[in-house]
Amino acid sequence: MRSNLCHPLKNQLPISFFLSGTIRKPIFSCSRLSISAIITKEQTQEESESKSKKEVAFSSSSSFDFKAYMIGKANSVNKALEDAVLVREPLKIHESMRYSLLAGGKRVRPMLCIAACELFGGTESVAMPSACAVEMIHTMSLMHDDLPCMDNDDLRRGKPTNHKVFGEDVAVLAGDALLAFAFEHIATATKGVSSERIVRVVGELAKCIGSEGLVAGQVVDVCSEGIADVGLEHLEFIHIHKTAALLEGSVVLGAIVGGANDEQISKLRKFARCIGLLFQVVDDILDVTKSSQELGKTAGKDLVADKVTYPKLLGIDKSREFAEKLNREAQEQLAEFDPEKAAPLIALANYIAYRDN
């Protein structure tokens, strides 16, 4: 059994559906430490557990100005996205693409990509095409997730969802266009990186969003609706793939274009896997503790849809405890790197853990 949760999956978890009229709960076999094992595991670091959130959040680098870093990187990403996706013919499809892509958002994935690149001596400009690509794909996933055939949501980033403004047909096509353009942008806009590493970036990104990544998580999520006995390992499978995979890809892409070696990339994968799950745990907590106005999207929708979430299975307190564990384990993966260069990644992990929306 592995000693921690966040090792990347060498082999995807086996999953079986029985499609004779109804879909039954997926059956998993997994040798690694599960969420339930972590949650019920006897505490061995009571002193660490008693730290306040504030102490944990700022123990990494008191001199690092994360607010300034976040504003600066978000502005750079927003400008790069606006320059990449221009208004051109056909107007409607490009307006739809830009409507969702430029609607704001935290830009966490692009920042992770840039920070990972800079950790290994790369520059923002080297990472930016990959950073923009992951944000394009993230936006596509939100556009498709909001459709009536999926979550049927009306609000995203404080604005009407794309299909409410442009119609379902255009929203689907605009999402498809963003997906395709993401790969084109990496291939044509990345400068100062070897062709071998660019090919590796394309393969990495494709895998993390396909049938072994984001799509896998989404289809299991959709097929799990109405199943009463969904457990923690089932939920973990969904979110490792649906949420964590693209966050992992964001970090790994940055590491690749930044010049990291395989051992360093492996460390960053483990870090990213932890913060990917962390992102979802916090999302689930916020969904039941914040309003739609505070979140900028429909609050409580998982509860209404009777979806399984971490608070539903663990309760709010245990979910928060699990989030703390994931954050600590994520930061442990960065212990061997230069603290000054790792400060943005540590700060981003803390931001994900303690965000309010």
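Heads up, the Cβ atoms here are built off N, Cα and C, so glycines get one too.
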K106, R109, R157 bind isopentenyl diphosphate per Swiss-Prot; candidate in H94, H138, H144, H185 listed for that same site: H138
Inter-residue C-alpha distance, K242 (dimethylallyl diphosphate binding site) and R109 (isopentenyl diphosphate binding site) (nearest angstrom): 14
Fewest other Cβ within 10 angstroms of its own Cβ, chosen from the binding-site residues R109, R157, K242, K307: R157
Same chain, 6+ residues apart, C-beta under 8 Å of the C-beta of Q280 (dimethylallyl diphosphate binding site), given in sequence order: H239, K242, T243, A244, Y310
Candidate with sparsest Cβ neighbourhood (10 Å radius) among K106, H138, the listed binding-site residues: K106
Distance check against R109 (isopentenyl diphosphate binding site) for the binding-site residues D145, D151, R156, K307, keeping those with Cα within 10 Å: none
Maximum Cα-Cα separation in Å among residues K106, R109, H138, R157, which the record lists as binding isopentenyl diphosphate: 16
